[in-house]
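Novice: Just dropping this structure here.
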Amino acid sequence: MSKAAPAKKPAASAPPRGCTLDINDPQVQKAAIRIQASYRGHRSRKELREKGPPRVLEPLKDVVLIEGSAAKLTCRISAFPDPFIRWSKDGKELRDGPKYRYVFEDPDVVALVVRDGELADLGQYSINVTNPFGQCSDSARILVEVPAKIQKGPDNTKARKGATVTLTAEIMGEPAPDVGWTKDGEDIEEDDRVFFEIGSTTTTLTIRRATPEDSGKYEVYVENSLGMDQSFARVDVA
């Protein structure tokens, strides 16, 4: 039995037309130079960005916070390496926690979420961004809206004839509510003997030289664009 003849290796096929590059071709050399220049420019721009101080690209905007809800202040920044972010309210630093939440949404977007909105959240909020090459800052206001309400109504009162009677209610609301008093369903017409005062958190009705005719059912009411509230008290003069 004779041995089989060794198989012949197939001849290498020539590359398809148009798939070869001649490094000595002037056009190829020019293209290579343009690619290198583009890369160097990209690297230079990147290095400049990385070494620059933080910048605010989109500033904070004022927001309205409804009582009981949440509000978010958002700022777009440019900073590398990763910066240190500090939020503050009226100059006092805010710690990340249940009430105030630091949020990092994108590489260049940072936000502060204020939860469980209340009137005390009204104020000026600031962001300070720092990295080894510098710092930047911005600020905006949170405006709080609270439905008008009576936190504590006036107490029932008994008085002697000729005494001075005062009824006081604790009130709140933002925008500041309109306040009124009635007696037995009729608006009280103020004079130098019967009048009421309105403060930022209280309203007081004063009845001087009380008479038995001043006895009755008194109502205080408050109202703003978000809601209204009322409370009643009984006055007896004998």
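Note that Cβ sites are derived from N, Cα and C of the backbone, with glycine treated the same way.
Those TrEMBL annotations? Automatic predictions, nothing curated.
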Novice: For the feature region 'Disordered' as recorded in TrEMBL, pick the matching range from 1-23, 116-138, 162-184.
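Specialist: TrEMBL lists region 'Disordered' for residues 1-23.
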Novice: Based on DSSP, tally up the residues of the domain 'Ig-like' (54-143) by helix, strand and coil.
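Specialist: Output for the domain 'Ig-like' (54-143) reads 3 helix, 56 strand, 31 coil.
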